[in-house]
Each structure stands twice: as C-alpha cells, then as structure tokens.
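Take a look at the structure below.
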Amino acid sequence: MPNASSWSASSPLLLLWEDSSGTRIFLSLLYAVLAISGTLSNVMVIYLVFSFKKLQTTSNAFIVNGCAADLSVCALWMPQEAVLGLLPPNSSSLHSAEYRLLRGGLLGLGLTVSLASHLLVAFNRYVLITKLPSVYQALYQRRHTGCMIGLSWALALLLVPLLPGLWTPGSAQVPPPRQTDGGSRYTALLLAVAVLGQTALLLHCYLGIVRRVRGSAKRVSVLNFHLLHQLPFPAAPPPPRRAQRRLSSVSVLLLCCVFLLGTQPLVWVSLLGFFLRPAPPALQAASWLLLCSLSALNPLLYTWRSEEFRRAARSVLPRG
C-alpha cells in the first residue's frame with residue numbers, strides 16, 4: 001500500500017491516501033451530488049439573468065461571472081473526480097501528469113475567478129450603499145464592468161500556468177520530494193495569504209454595508225436602484241426599522257459565515273503546513289472539499305433573499 005505522501009500527490013480525489021474502496025465510493029457519490037446540484041443551480045441563475053430584463057443589473061453581472069466560473073468546477077472538474085474515484089488505484093489515468101495538470105487547471109481557473117467574483121459583488125454593493133449615486137454610476141459604467149470581469153479571468157489565466165501546484169489538492173500541503181519541498185511550502189503560503197486578503201476585503205465591504213444600513217435606514221429607502229433588490233438582505237423598508245436592522249444583520253452574518261466556513265479551513269491548514277508541520281491528510285481533504293463545495297452553494301448564497309429571483313424562478317419552473 002502506498003504511503004500518504006506519494007498517494008496524495010498522485011491522487012485525483014482529496015482523500016485517496018486511504019486504500020479503502022468505501023472511502024473512494026463515498027467521495028465519488030459526494031462529488032456527483034455536488035456536481036449535479038451545482039451545475040443545475042449555476043445554469044439556472046445564468047438563464048434567469050439572461051431571460052429577465054429586471055435581473056440584468058451590474059451586481060448580477062458579477063454573480064453570473066461567478067456562476068460561469070463555478071461551472072468550470074461543478075460541470076467539468078467534479079464529474080471527473082467522481083468517475084476517477086471509482087477506478088482501481090493502479091489505473092493509468094490516476095498517474096498521468098498531463099491529465100492531472102488539466103484537472104488542476106480547471107479547478108484553479110474556476111476557483112480563482114469565483115473568489116474574485118465574490119469580491120467584485122461585495123465591492124459593488126458597498127459602493128452602491130455607502131457612496132453617492134453619481135459615484136456609483138461613474139464607476140460602474142458598462143465598459144468598466146466588462147473590464148472588471150475580464151480582469152478576473154485574465155488574473156486566473158495568469159496564475160494557473162505560473163503556479164501549477166497551487167490548485168493541485170494535496171500537493172501543496174503534503175510534503176513532496178526533498179528538492180521541491182521549499183517551492184510547495186511557499187506555494188501553500190501564497191494561497192493562504194491571497195485568500196486571507198480577499199476575505200478581509202469582502203468582510204470590510206459587507207460590514208460597512210451593515211453599519212450604513214443600521215445607521216441610516218432612511219438613506220437606503222430613498223435610493224431608487226434595482227440593485228438594492230440583489231442584496232443578500234432586504235434593503236427596502238416595509239418591515240419596522242428595528243426588525244429590518246435585525247434581519248439585515250442576520251442575513252449578512254449568514255452569508256459571511258458560509259463564505260468563511262468554505263475558505264478559512266484551507267487557509268489555516270496551509271499556514272500550519274508552512275510554519276509548523278503538515279496537517280493530517282483527512283484535515284487537508286476536508287478543507288479542500290469545503291472550498292470546492294462553495295461552487296455549488298454560491299448561486300443560492302446570492303439569490304435566496306432576492307424576491308426578483310424567486311419570482312423569475314417561479315415563472316420558469318413547473319408548478320407544484
């Protein structure tokens with residue numbers, strides 16, 4: 001039976017260091033469920049935005065960009081992992097360097113653009129709520145919005161070939177051969193620092209929105225923007241002011257908690273592997289799986305509080 005390091009470095013799944021068919025079958029089923037649910041939800045959001053004019057807003061353009069990136073993970077990468085997990089350990093597909101590089105590229109491209117889209121959505125909503133309408137209109141012209149989306153993909157395409165080990169599950173945390181140990185450890189550190197920086201900016205934006213909404217409900221109510229309906233909490237003031245503030249805080253807190261739960265375990269596992277010692281393989285696997293599962297949850301995360309999305313979905317889905 002191969003040891004943990006060699007098995008994880010060549011494994012397509014995240015927990016194949018155990019020579020257990022039960023573990024591989026369980027992970028394959030989990031990947032299959034995430035792939036199907038994530039593909040359907042991401043395709044549904046993209047279809048609704050392109051089909052209903054009321055949903056064609058700047059904020060939703062960034063959400064659609066994230067859904068397109070998440071499809072790279074849910075529709076292209078996860079099905080391959082689900083199938084490869086059912087293959088015998090000595091299968092040639094598991095040890096093909098080119099094929100592993102292709103899968104790592106799909107995963108890296110999707111996750112990089114998806115994380116960038118999270119930040120673009122948060123910053124868009126922050127500017128909308130906390131700045132003057134003229135500032136928002138000047139910043140988010142159609143041309144500028146297209147450039148922001150294009151830059152997110154350009155950044156991902158630049159990072160994937162430069163850092164091939166960054167998005168290979170297990171290779172950044174499990175100690176590779178001695179000659180590449182330093183490079184892999186610094187790759188893990190770069191991953192952790194990048195995600196931490198992105199998380200700090202995202203939390204700053206959403207917490208700034210909460211402070212503004214709680215401190216000036218009147219200001220929010222007079223802004224006549226369709227984007228207000230795309231916030232992860234109700235910005236219109238039909239409920240009493242106190243109830244509105246409480247609901248807004250809970251909704252933003254829920255969004256931030258789900259995002260932190262998906263991203264931070266991998267950050268701290270990477271930091272642990274850099275400064276102290278590699279984390280147990282099971283912990284590495286769980287942290288990567290949580291990060292990848294965000295690609296299936298993102299569409300619901302950004303649309304479940306939007307009445308416009310719910311109304312559009314009801315008009316498309318069959319009744320009953």
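Placed from the backbone N, Cα and C atoms, the Cβ positions cover glycine too.
Please treat TrEMBL annotations as automatic predictions, because they have not gone through curation.
Copied over from TrEMBL, here are the features:
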- 41-302: domain 'G-protein coupled receptors family 1 profile' (DOMAIN)
- 25-50: transmembrane segment (TRANSMEM)
- 62-80: transmembrane segment (TRANSMEM)
- 100-123: transmembrane segment (TRANSMEM)
- 144-167: transmembrane segment (TRANSMEM)
- 187-209: transmembrane segment (TRANSMEM)
- 250-276: transmembrane segment (TRANSMEM)
- 282-304: transmembrane segment (TRANSMEM)
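Nonlocal intrachain contacts for the transmembrane segment (250-276), taken as residues 6+ away from its ends with a CB within less than 8 angstroms of a stretch CB, comprise 115, 118, 172-173, 185-186, 188-189, 191-192, 195-196, 199, 202-203, 206-207, 209-210, 232-234, 283-284, 286-288, 290-291, 293-294, 297, 301, 305. Mean pLDDT across the domain 'G-protein coupled receptors family 1 profile' (41-302) comes to 77 in this model.
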